[in-house]
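One structure is given below, encoded as C-alpha cells.
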Amino acid sequence: MSSHTLEVRPWKTRRKGAVSSFDPQIVRQALLDAFRKLDPRWQIKNPVMFVVEVGSVITTIEFVRLLLTAPGPAFPVTRLHNETLFVLAVSLWLWFTVLFANFAEAMAEGRGKAQAETLRRARTTTMAKRLRRPERSAPWEEVPAPALRKGDYVLVEAGDVIPGDGEVIEGVAAVDESAITGESAPVIRESGGDRSAVTGGTRVLSDWIIVRIGANPGETFLDRMIALVEGAQRQKTPNEIALNILLASLTIIFLLVVVSLEPFAIYSGSPVSITTLIALLVCLIPTTIGGLLSAIGIAGMDRLVQRNVLAMSGRAVEAAGDIDVLLLDKTGTITLGNRQATRFLPLPGIDEQALAQAALLASLADETPEGRSIVALARERFAIGEEVSLQQQASRFVPFSAMTRMSGLDVLADADGQAASARGEEEAAPPVRTIRKGAAEAIIAYVHEHGGDNTHGELLQRTVDEIARAGSTPLVVAETWRTGQDHQEQARVLGVIELKDIVKGGMRERFEQLRRMGIRTIMITGDNPLTAAAIAREAGVDDFLAQATPETKLKLIREQQAGGRMVAMTGDGTNDAPALAQADVGVAMNSGTQAAKEAANMIDLDSNPTKLIEIVEIGKQLLITRGALTTFSIANDVAKYFAIIPAAFSTTYPQLNALNIMGLATPHSAVLSAVIFNALIIIALIPLALRGVKYRPIGAGPLLRRNLLIYGLGGIVAPFVGIKLIDLLLSLLHLTL
Ligand SMILES: Nc1ncnc2c1ncn2[C@@H]1O[C@H](COP(=O)(O)OP(=O)(O)OP(=O)(O)O)[C@@H](O)[C@H]1O
Ligand SMILES: [K+]
Ligand SMILES: [Mg+2]
C-alpha cells in the first residue's frame, strides 16, 4: 500500500473551518464573561487589576456617600454637585477599565471555547468491539466506548469510529482524522512502525485494525485537547510569573508614593480627595500590560491551535521563541517514513531466491513497515506462497530494537520437530538456525561472534556503500547453522536488501527559512553515515548525526543545552521519546507512537516536521508582543504623570502649574481624561494583543531597537495626544466639571 500521496501535505497554515476571533458570537460571549470575571476571587489572580477593582469599589462608595450627604435634591443629575459628578465619572471609568481587561481575556479564550464545543461533538459515544484475545479471529462483545479501559483490545473495521486512544497492534488501515485535525485527506495507521498511534473519535475508512487501548476514559487525547483549547489547564509560565511580580511591585511602589503624598497635602491645608488619589494611582500602575498579559499568553496558545499544534504548556510556547538548534529524526520526519524493500542483492554463491526466502523468514513476524515490505517483495518476486510461514517451524522471533539494530528469527527445532522446549528442559537448547537482518556493522559483528568470517567482505562493503550513497538504507542478511556431530556453529552473510525512502517535498526551502531565523538544523538517525549524508544533502539540513541510539540522541541534546543553546526536537518513534522529553521544545508527530506523543510537550496534528517554523514564529511573536506592550505600558506613565500631578496638587502646590504643559482645561477634567485614556488604551490594544506583533527575521538587535522606537516612543507620545484630545472633547461637550 502506498501512502505517499496521503501523508505529504502542502504547508497549510490555517486550520480549516477555524472561527475568526471577532466572530459576533464570540464577542457576545466575551461581553458576558467580562462581567462574570468581576468576581474578586478571579480578579485577585491579577494584582494590578485587583487594585483597580478595589479603587472602583471605593469610588462607588464615595459617590453614594456624596449623593446621600449632598445638600438639596439629588436629582435630576444636572443639579448634581460638580464633585459628585466627577466621582461618578471616575468610578464608572474605573469599572470600565476592569471590564475592558476582562473582555480582553475573554476574547482570547473565546475561539478556544468555540473549538472545544466542536470537539465535544466529535466525542460522541460509540460502541466498541472488545476482543477476548488480541486476534482477529477471537470472539468480541459490543460495549460502549466509555466502558473501555487501558489494555483492552478492540477490533475496528471499515466504517467504525475508533472508540479510544491506543496503538495499532495488528493490521493497516486508512483513517479519517478530520474530526481532530480538520484535514479531510485520510492517513495510514499501521502496527509496528512509527505510525501506530490512533486517536479516539477518528474513523477507519478501509480494512481493519486491532487497537490496544492506551488511555482510560477522561484521559484521552480529545479530553486533553478540549481542556487545552478551553484554557482550563493553563498555568502561568515562569516568565509570566516573573512579569507579574514586577507589575505587582510597581503597583505597591506607586501605592506607597500616592499614599505618602496625602500627608503633605493635608499639612498644607488642602487635602486631595480620595477619588483623585485613586485615579492617580490607577493611571500610574501598569494597567495596560496588567490587563492584557493573560490575553497575550492565551492568544499565543490559540494561534498554535489554529495551526494544528497542541502545546501542552505555555512554557513550551515561550521556549519556542528562543530556539537555537532544531534536531530532526530522519525516517518519518524528514522522509516519508515508509522505507520499502526494492531489491535483493545476494553475495556470490548465494541464490537470490535463497536470500529472499531467508529475508522473508526473518521478517514474517516483523511488524515494522520495513519488515512488511520485505515480506511483500519476497512473495511477489519469487511467488513464495503462504506455505512458507512460521507455523511450520518451532521458532522465536527476535524483534527489531534501536540498540541492536537487528531483527530476525531463531529456529529452535530440527525438521523432526524435536523442539527443545517440548522436551521440557529448563534451559532452552541453542537454536539450530538463526537468521538476522539489520545494519551492516551489526550483522558483520554478529557473523564474527558466531564463528563466521567475512569472505566477501570487500564486495559486501561496496554494495552496502553504493545503496547508502543513493540515500537508501542497506539491510544485510546473515544466517547461522550447526553442522557435524559436535553441532559446530557456522555463520555467513547472504546478501543485502535495499530499502528506499523518499524525502518529503519542500524541505530545502523550509530549512533555508529556519537558517534565516538563526536556527541550525541537525538530522539525527539510526541509519549509517552514508545514507544519512545523502539524505542530509538532499533535504538541505546543516548537519547530521548518524548511527544514533536513543542514548546518543539524548547526549547530543544535553551537550547543546550545556552550551547554553535552546534545543527543539521533532520525532515520531519510541526511540525518540527520551530525546523529545529532554528537549526544551519537543514536537511529536501526531502520526507517531504513543510514547513519543507522551514525552513531547507539543503535538503537530499535521505531522509536518517543518511546522517548527510556525511554532518558532508564534513563540517569538508572543515574547515580542509581551515585551512591546510592557514597554508601551510603562512609557505611558510619563505622560500621565504630567497630566495628573499638576492638576491634582494645583491647589496644594500652585508652583506645580508650571508642569501643566498640556494646558488641560481644569484639574477635574485632567484627571478624568487621564482615567478615560487609561481605560480606552486597553480596548485599543486588544486586537494587537490577540493577533500579536508581527515577527520579522531581522535579528535580535535591530528588532529590539525597532520595537523600542515604536512602543517606547509611541508609549510616551500617545497619551499626551490622547489625553489632550479627550480633555478637548469633554470641554466641547460642556462636561467640564
Ligand atoms: N525492521 C528492522 N529490522 C532490522 N533492522 C532494522 C529494521 N529497521 C531498521 N533497521 C536497521 O536499524 C537502523 C536504525 O533504525 P532506525 O533507522 O529506525 O533508527 P532511528 O534512530 O529511528 O532513525 P531514523 O531517524 O531513521 O528514524 C536502520 O538504519 C537499519 O539499518
Ligand atoms: K496605568
Ligand atoms: Mg525513527
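Every residue, even glycine, has its Cβ placed from backbone N, Cα and C.
Automatic prediction, not curation, is the source of TrEMBL annotations.
Database features (TrEMBL):
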ACT_SITE  D329  active site, 4-aspartylphosphate intermediate
BINDING   D366, E370, F400, S401, A402, M403, T404, R405, M406, S407, K437  ATP binding site
BINDING   D572, D576  Mg(2+) binding site
DOMAIN    136-230  domain 'P-type ATPase A'
TRANSMEM  46-64  transmembrane segment
TRANSMEM  84-104  transmembrane segment
TRANSMEM  241-261  transmembrane segment
TRANSMEM  273-298  transmembrane segment
TRANSMEM  670-690  transmembrane segment
TRANSMEM  710-733  transmembrane segment
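Taking the features listed in TrEMBL, we show where each one sits on the structure.
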| residue | record | Cβ neighbours (10 Å) |
| --- | --- | --- |
| D329 | active site, 4-aspartylphosphate intermediate | 29 |
| D366 | ATP binding site | 22 |
| F400 | ATP binding site | 21 |
| A402 | ATP binding site | 15 |
| T404 | ATP binding site | 17 |
| M406 | ATP binding site | 21 |
| K437 | ATP binding site | 28 |
| D572 | Mg(2+) binding site | 32 |
| D576 | Mg(2+) binding site | 34 |
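When Cβ-Cβ distances below 8 Å are used as the criterion, the transmembrane segment (710-733) is approached by residues 628-629, 631-636, 638-640, 642-643, 662-665, 669-670, 672-674, 676-677, 680-681 of the same chain, each at least six residues removed from its ends.
Taking Cβ pairs closer than 8 Å, the transmembrane segment (273-298) reaches residues 46-49, 51-52, 55, 58-59, 62, 83, 86-87, 90-91, 94, 97, 100-101, 104-105, 107-109, 112, 231, 234, 236-237, 240, 243-244, 247, 250-251, 254-255, 257-259, 261-262, 314, 622, 625-626, 629-630, 632-634, 636-637, 640-641, 643-645, 648, 667, 671-672, 674-675, 678, 681-682, 685-686, 689-690, 692 in its own chain, all 6 or more past its ends. D572 (Mg(2+) binding site) has D329 as its nearest neighbour among the recorded positions D329, D366, F400, A402, T404, going by CA to CA distance. Shown for the domain 'P-type ATPase A' (136-230): DSSP residue counts in helix, strand and coil, namely 17 helix, 36 strand, 42 coil. By the rule that a residue counts when its Cβ sits under 6 Å from some atom of ligand 1, the binding-site residues F400, T404, D572, D576 yield F400.
For the recorded site, D576 (Mg(2+) binding site), the DSSP three-state label reads helix.
Among residues of the same chain six or more beyond the transmembrane segment (241-261), those with a C-beta under 8 A of the stretch's C-beta atoms are 46-48, 51, 272, 277, 280-281, 284-286, 289-290, 293, 626, 630, 634, 649. In this model, the domain 'P-type ATPase A' (136-230) carries an average pLDDT of 87. In the three-state DSSP classification, A402 (ATP binding site) falls within coil. The 6 Å Cβ screen around ligand 3 retains D329 from the recorded positions D329, D366, F400, K437, ordered by sequence position. A Cα-Cα distance of 15 Å separates F400 (ATP binding site) from D576 (Mg(2+) binding site). Under DSSP, D366 (ATP binding site) is assigned to coil, being neither helix nor strand in the three-state scheme.
Rounded to a whole number, the C-alpha distance linking D366 (ATP binding site) with the residue listed as 'active site, 4-aspartylphosphate intermediate' is 22 angstrom.
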